[in-house]
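K.L.:
I have a structure here, written as structure tokens, and I will follow up with some questions on it.
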Amino acid sequence: MAKKPTALIILDGFANRESEHGNAVKLANKPNFDRYYNKYPTTQIEASGLDVGLPEGQMGNSEVGHMNIGAGRIVYQSLTRINKSIEDGDFFENDVLNNAIAHVNSHDSALHIFGLLSDGGVHSHYKHLFALLELAKKQGVEKVYVHAFLDGRDVDQKSALKYIEETEAKFNELGIGQFASVSGRYYAMDRDKRWEREEKAYNAIRNFDAPTYATAKEGVEASYNEGLTDEFVVPFIVENQNDGVNDGDAVIFYNFRPDRAAQLSEIFANRAFEGFKVEQVKDLFYATFTKYNDNIDAAIVFEKVDLNNTIGEIAQNNNLTQLRIAETEKYPHVTYFMSGGRNEEFKGERRRLIDSPKVATYDLKPEMSAYEVKDALLEELNKGDLDLIILNFANPDMVGHSGMLEPTIKAIEAVDECLGEVVDKILDMDGYAIITADHGNSDQVLTDDDQPMTTHTTNPVPVIVTKEGVTLRETGRLGDLAPTLLDLLNVEQPEDMTGESLIKH
């Protein structure tokens, strides 16, 4: 007899917002979502700031969202931990950071600092760069080179000059530091093995073959004149006495989110790297703020805090079968992040990875691989052996990042079509679905003056529980979703999962 599956369906980047202006969620024709919304119990929950372990007012993101959802509690994020360590002064006593600097001082070499130069707070925060500069000054490092990756995605599309000017003011205040290279994150922070992009960033960082400008500002302004926004600035070298990352140097990469920092790190710190031909840097001390992946030989500045009793582990302990399914862009989120930073499958877990389309930007194919994800899930459901399903539709977030309204509306409409087939199938099997999101984005893709808005929002996300006859609490947070799943599965909630079921009892 087929099992009755319980599914968590995450519409990535899909939040509630009253105004229709630039709101693809409101403007899209989504008959299936609306049908479930009108028929079943609903509420909305918080997905940003203190509710997900981020600083107050900080927008949520997919990594943080999935981590909180899977843990069933507030998970204090790297950004919050690092900020606190700087405030407490522990940062300046950190062994790994001090070892990197000791390496430079003993080799009379250079300290290179890599990172995303913005206050987006999703992958990095430029105030962490300032703390590194202060530490280097305190320890008497003379040669400090900053390799800046421009954002334009988690912050305004053309905001780089503000961060560059503030950083140069910090260089002047401390009397150390200079920009050595600048790359748009499209090149330096790819995560889909598009090595031809990373190679351009690598060449600029190694001072090999890249356009050269007198200042960082001049290079960015030239890029703007060519119609490029920060994210897409072609990597360039800033003229100075720096000759790139060399033997005996040290690198500190201050991005704390792993997924878009791993590839560049593999080029420098994975001896088995084969993406393209590289000249290995000898005796390089390579440090990363967090652990990016197992292939990278790096010293870790902030070790991971282990999370036990995530939704996957509880399912395993109760002999339940589970499926994690998403396309490439969100696959790490339904697996690694949902499992609290664990890569290995749990007993009874299987996974389906559907390739994301190979297009330059997803506004060119707003449906992405939603239909293929849906087909794969229906195939899995037909096996009749699943207790728990965790599914992510990437489109509202990934297309929302384009800041283009029409493609984002199309993205949501494609997802809605798939949602209808999936949920109806689950209901036919006497199962339940929780339809929700991890953070906002597609709810505002235009600013009030109709400029593209490519960032996430701090708006609350909807929750639909397809179980008639129950009442949901009026408020909650992402950490309440796993307890709600356990409630539907009739599984006892462990003590360290401190969220509360959204179903009133």
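Cβ coordinates come from backbone N, Cα and C, glycine included.
Feature table excerpt (Swiss-Prot):
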ACT_SITE  Ser62  active site, phosphoserine intermediate
BINDING   Asp12, Ser62, Asp438, His439  Mn(2+) 2 binding site
BINDING   His123, Arg153, Asp154, Arg185, Arg191, Arg257, Pro258, Asp259, Arg260, Lys330  substrate binding site
BINDING   Asp397, His401, His456  Mn(2+) 1 binding site
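Mind running through what each feature is packed against?
P.N.:
A sphere of 10 angstroms centred on the C-beta of Ser62 (active site, phosphoserine intermediate) encloses 28 other C-beta atoms.
For the recorded site, His439 (Mn(2+) 2 binding site), the DSSP three-state label reads coil. Cβ environment of His439 (Mn(2+) 2 binding site): Asp12, Gly13, Ala15, Ala47, Ser48, Met59, Gly60, Asn61, Ser62, Val64, Gly65, Asp397, His456, Thr457, Val461 lie under 8 Å away, each six or more residues apart in the same chain.
Under 8 Å, Cβ to Cβ, and six or more positions away along its own chain, Arg191 (substrate binding site) finds Asp259, Arg260, Ala262, Gln263.
For the recorded site, His456 (Mn(2+) 1 binding site), the DSSP three-state label reads coil.
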K.L.:
Going by Cα-Cα distance, pick out whichever of the binding-site residues His123, Asp154, Pro258, Asp438 is nearest to His401 (Mn(2+) 1 binding site).
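P.N.:
In terms of Cα distance, His401 (Mn(2+) 1 binding site) lies closest to Asp154.
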K.L.:
Show which residues of the chain containing Pro258 (substrate binding site), separated from it by at least 6 in sequence, have their CB under 8 Å from its CB.
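P.N.:
Counting only residues 6 or more apart in sequence, the Cβ neighbours of Pro258 (substrate binding site) under 8 Å are Thr290, Lys291, Tyr292, Asn293.
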K.L.:
Near the Cβ of Arg260 (substrate binding site), how many other Cβ atoms are there if near means within 10 Å?
P.N.:
19
K.L.:
Select the most exposed residue of Asp154, Asp397, Asp438, where exposure means the fewest other Cβ atoms within 10 Å, treating these as the binding-site residues.
P.N.:
Asp154
K.L.:
Validating a neighbour-count step here. Other CB atoms within 10 A of the CB of His456 (Mn(2+) 1 binding site): how many?
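P.N.:
So the number of other Cβ atoms within 10 Å of His456 (Mn(2+) 1 binding site) is 31.
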K.L.:
For His401 (Mn(2+) 1 binding site), list the number of other Cβ atoms lying within 10 Å of its Cβ atom.
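P.N.:
If we count other Cβ atoms within 10 Å of His401 (Mn(2+) 1 binding site), we arrive at 24.
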